[in-house]
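Participant: What follows is a single structure, and I will ask about it in a moment.
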Amino acid sequence: MATRRPDDPDAVLTVDHLTMRFGGLTAVDDLSFKARRGDITALIGPNGAGKTTVFNCITGFYRPSEGMLTLRHTDGATHLLERLPNHAVNRRARVARTFQNIRLFSGMTVLENLMVAQHAPLMRASGYTLLGLLGLPGYRRAEAAAVAKATAWLERIDLLRRADDPAGDLPYGDQRRLEIARAMCTGPELLCLDEPAAGLNPRESADLARLLRHIRDEHATSVLLIEHDMAVVMEISDHVVVLDYGKKIADGPPREIREDPKVIAAYLGVEDEEVAQVDAEVGLTIPVAEEARP
Amino acid sequence: MNAPLLSLRGVSAYYGSVAALRGVDLDVNEGEIVTLIGANGAGKSTLMMTVFGAPRARSGTIAFAGEDITARPTHAIARLGLAQSPEGRRVFPRMSVQENLQMGAALHGGRYFGQDLEKVCTLFPRLKERLNQRAGTMSGGEQQMLAIGRALMSRPRLLMLDEPSLGLAPLVVKQIFSAISALNREEGMTIFLVEQNAYHALKLAHRGSVLVNGRITLSGPARALLDDPSIKAAYLEGGHAPTASVGEGVQA
Amino acid sequence: MAAASSASPAAILKDAGLFALVAFGLCVPIVSHRTDLGADGLELTPRWGLVAGLCAAIFAVRLVQRLVLERRAARAVLTPSPHQATEPVGAEPNAAQYPSSLGLPRLGLPLFVGFALFLPLIAALASGGLSPARYWIDLGILILTYVMLGWGLNIVVGLAGLLDLGYVAFYAVGAYSYALLSTVFGLSFWVCLPLAGLFAGLWGVMLGFPVLRLRGDYLAIVTLAFGEIIRLVLINWTDVTGGSAGISSIPRATFFGVPFKAGPDGFSALVGLPFDPMHRIVFLYYLILALALLTSLVTLRLRRLPLGRAWEALREDEIACRSLGIDTTKTKLTAFALGAMFGGFAGSFFAVRQGFVSPESFNFLESAIILAIVVLGGMGSQLGVAVAAVAMVGGPELLRNLGFLKAVFGEGFDPNEFRLLLFGLAMVAMMIWRPRGLISDRMPTVALGQRKAIGKDLVREGHG
């Protein structure tokens, strides 16, 4: 593994020799990779390979044992993520994330969830609450703008008519999309998604893929995602990083990864004679789906 | 094998005033794999939980091995030989993997613990590496394996799995599906499978049913369902891009 | 739990019998004999009749309870709440939302305020004059003090979801701040009031810094300890606080500088009324009403501001909050400080009203009562807290008027002695019938269309 230069202007996120130990267990072992700006980068690997741990390091929930995490904004400002406190990773470094087991504010409405996500700008507009208490027009304008932004996202994820319903009442697939919209409302440079397609049916997965492409193309937000649904990974990602036992075993465009024997052995799990079948299962040529396609 | 092992007749269940199941009829025969497919929120998990008495069926009857279990408490139902790996894993987070598996085996007082542990570890080598780790510190996929393993430890007559493939790597998904198939083929275990991955589930199962808004709309041999155009449209076709367009994000 | 199988009548009888047996076992050492001081030492008077009566009563109560609970449990099992659903099923007809029930909470608070505004007038008219109405106005002041404390603690417990068992400490800080500032430096009430709030808020921050990284039970224990520490300091720092003797002859409240006294420069002369000591009481009543309303208004406003929304989000899911860039420590601190500040205001009001403070007024029971008001009222609900305060503080007062019970229980019976017993029974009853408080729905703070109350099943209570 060659040493990467953290000042690579193309990379939105540079992970350098990241190691994370829990007691005697090394969950992530000397991992280095880059997520390029404007890409959807997928992080895949067997269960327990340390993918979520990497996410937790990037988003400030864990402090890495060793290594450097550099985030570079479009304007060139760099942030060393491993040094930022938890919440500042989102506020200052502009990294947003979703969770494997959806973490919405279930007792708040869909709209309120998106308003909470715009906490920082609204806080500033409300003069750190003091001016807001007086009900000055400046804050009211800011709030209207925040509602408009939330509304736009709700329209995008097709949940506008449920804006005033509690988030906990939404069906599973809608909750996943809402969580992504909530993360996007913080205006991130990098969006980290932990298994966004888990538990979604093929149709919902397709909607999700569309949403992610929209985010990448229209919002100048780069995406890093963990995903097991290879159909989704192969379809939308520009770059794939494969982990096994905390180490990187492959790194490249999806088509190369699919054929990498190490990845097949550790993750996809196919012998040569089964390739056709696996291609089907991996979602590249689902026979029935193909037939049904007009 | 005349009477079905599990049979539901006109089962309705409610959450508050919302009907989650409306008059569901369903049979699972001994030695069968039956799968239930349907959209998120159709009531698939509720159906599984209703069999276990939580929520209790408001009307209709549920019978297991010839006994009416509609009004039995959950723990008594489990003692009859039903086991499930519930949605959301529900492992005991502060107990070690081994302790979790012991909880599953508690039904038999741990008589078969050794040999069953061996079996579960063969199925999920990952668990073997982590026997002494606290379950709550494992990754989501590993917890999913543990939940399935724990259900297997009770040597059930009917194994109910709620989305066993959720969050698992493709290799493990393959292993699980082949294990399910092997359990059924070699040990004659009856399996009830709720799956989002309708294609996989229908390939594996003998029979399948489709749940829409709490009602069974279609039942039949799995093969036939797999070829049914309406099923294809609703649950199998997902608009996956053909290989050629990978990474280019062409179609909307 | 949900699996309460329908028990047979025989099983219920057996269960009730068991209860009676246990009661009998307890009665033998405690009730069965009365010791009287006789001519030669203690004399034992057997009371087996009483024991039999008690056991029979317990048997009957348990029997009825089982029969009632049995039916309730059976019903509950058939209709579990939507929250228990493992998946959001058929979410279209919204089970957890019901805009129709909005009437009460929406009208309730204005009704409450309206009644509170006219209480002195009503009381005076009803009892024929200001002086005879003093009892009612004093009671009103007492209740409103607890309403204000409840609303203040509601910010911490109800909105931010942080369990604070030592709220009375801030009440004490406020009271002593005014007591000391006015007696030592001669500052007037209107200068001391904001200062007292400020000091209490500062104490809130000081306590908050080390403590707020704790969660749940641990946070509760430390706040409990904090409350006790403040009380013990007040008792032992005799040089400053006067120890358990407290501080007396604290200056009374003035009408913005004009004292309530007879004579040419008093309040009555100023407004041209004949002097009446009740003016001061009525003034105090409106003062606490204004302070309580200020608390409520600020809270209602804050809920709609990003800070208040962050509090509620914190109660729902702290980890998600952090992932959205919310500094959870600061957010918790503001909740703690603001709650403490209102506690401080209430404390200085307490001092000015009593004219005397001592550590005895700030024991754990006070914390418990304030917390009980918040919990009974329904966490986060303004009206619920107000109603709960009326019930919890006004209810015991009712006991004084239950003289007729003496006819039943004999002359020595004092209903007041059973205050805590009733208090406990009421709590248990509430936990059975309304475990999430009187008003447990949550109103959204912002909406595109119509605001619909969110059912308690979806709203979380916070982890600490």
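The count begins at 1 with the first shown residue.
In case you wondered, yes, glycine gets a Cβ from its N, Cα and C as well.
Keep in mind that this is a model prediction, so the values were computed, not measured.
When I checked TrEMBL for this same protein, it listed these features:
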- C:12-32: transmembrane segment (TRANSMEM)
- C:44-64: transmembrane segment (TRANSMEM)
- C:107-127: transmembrane segment (TRANSMEM)
- C:133-153: transmembrane segment (TRANSMEM)
- C:160-181: transmembrane segment (TRANSMEM)
- C:187-206: transmembrane segment (TRANSMEM)
- C:218-237: transmembrane segment (TRANSMEM)
- C:283-302: transmembrane segment (TRANSMEM)
- C:333-356: transmembrane segment (TRANSMEM)
- C:368-395: transmembrane segment (TRANSMEM)
Participant: Taking C:133-153, C:187-206, C:218-237 as candidates, which has the most Cβ pairs under 8 Å with the transmembrane segment (C:283-302)?
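Facilitator: Selected stretch: C:133-153, with the most Cβ pairs under 8 Å.
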Participant: Given the transmembrane segment (C:160-181), which of the listed stretches C:12-32, C:133-153, C:187-206, C:218-237, C:333-356 has the most Cβ pairs that are under 8 Å apart from it?
Facilitator: C:333-356
Participant: So what's near the transmembrane segment (C:218-237) in sequence-distant terms, Cβ-Cβ under 8 Å and 6+ beyond its ends?
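Facilitator: Tertiary neighbours of the transmembrane segment (C:218-237) are 162-169, 172-173, 176, 207, 211-212, 243-244, 359, 362-364, 367, 464.
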Participant: Six or more residues out from either end of the transmembrane segment (C:133-153), which same-chain residues have a Cβ under 8 Å from its Cβ atoms?
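Facilitator: The answer is 116, 119-120, 123-124, 126-127, 164, 167, 171, 278, 281-282, 284-285, 288-289, 291-292, 295-296, 299, 338-343, 345-346, 349-350, 353, 369-371, 373-374, 377, 382, 385-386, 388-390, 392-394, 397.
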Participant: Grab the same-chain neighbours of the transmembrane segment (C:368-395) for me: Cβ-Cβ under 8 Å, and only residues 6 or more beyond its ends, written as numbers and ranges.
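Facilitator: Residues 104-105, 108-109, 112, 139, 142-143, 146-147, 149-151, 153-154, 157-159, 161, 164-165, 167-168, 296, 299-300, 312, 422-423, 426-427, 430, 434, 436-442, 456, 459, 461.
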Participant: What else in the chain is close to the transmembrane segment (C:333-356), if you only count residues 6 or more beyond its ends and a Cβ gap under 8 Å?
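Facilitator: Residues packing against the transmembrane segment (C:333-356) from afar: 141, 145, 148-149, 151-156, 159-160, 162, 164, 167-168, 170-179, 189, 192-193, 196-205, 207-209, 212, 246-253, 284, 287-288, 291, 294-295, 298, 302, 307, 311, 314.
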Participant: With a Cβ cut-off under 8 Å, give me the same-chain residues at least six positions beyond the ends of the transmembrane segment (C:187-206) that come close to it.
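Facilitator: Those are 169-171, 173-175, 177-178, 181, 251, 253-254, 256-257, 333, 336-345, 347-349, 352, in sequence order.
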